[in-house]
Amino acid sequence: MCNYTRCTNIKIEKLYNIYEMFSVRGKEVLKYPILLSAKDYANKKVNNISLNCGWCYGNVGIVRGMMKAFNYSGLNNKYFYYKEELIKIINNSIESYNLDLPILCHGYASVLSIQINAYRETKDKRFLNNLERNISSVLEERKILSNLNSKIKDNIYEGYYKNY
């Protein structure tokens with residue numbers, strides 16, 4: 001029988017091995033499958049590589065999760081590896097994020113949240129290189145979404161769905 005720390009480290013190592021098996025380096029950053037079928041898992045086949053940088057299913061969320069898991073388990077070499085990978089993802093072009101909503105789960109706010117919290121944890125200023133750009137993206141996408149929502153509401157009140 002194992003103690004809590006040892007059992008946790010074993011589970012983290014198993015999780016790491018799965019993610020490592022299915023990771024792909026694309027344009028200098030790590031990417032992962034969005035979904036993994038039982039067949040693909042058994043065949044160790046990678047399909048549906050993540051195309052976004054979002055919290056859910058996106059590489060920024062997975063890499064940050066791995067970074068935190070290794071921080072908790074005290075495996076510093078892997079923690080620092082994922083920290084560097086997260087810096088690469090966050091400092092990539094805004095277009096590479098492949099996001100179009102300001103929301104937390106699947107949008108720019110997820111990158112912003114992870115970016116700020118990673119900086120708070122590490123005090124590594126490289127996490128802040130694109131902070132203003134990412135804040136602007138959240139605000140701009142929110143503005144676009146607000147304009148779209150007001151058009152939809154106006155059309156609903158008028159009783160039809162055209163020009164939105």
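Glycine residues also receive a Cβ, built from the backbone N, Cα and C atoms like all the rest.
Curation plays no part in TrEMBL annotations; they are all automatic predictions.
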(request) For the Zn(2+) site that TrEMBL lists with Cys105, His106, give the additional residue from the candidates Cys53, Cys56. (result) Cys56
(request) Please work out the number of neighbouring Cβ atoms within 10 Å of the Cβ of His106 (Zn(2+) binding site), leaving out its own Cβ. (result) 18
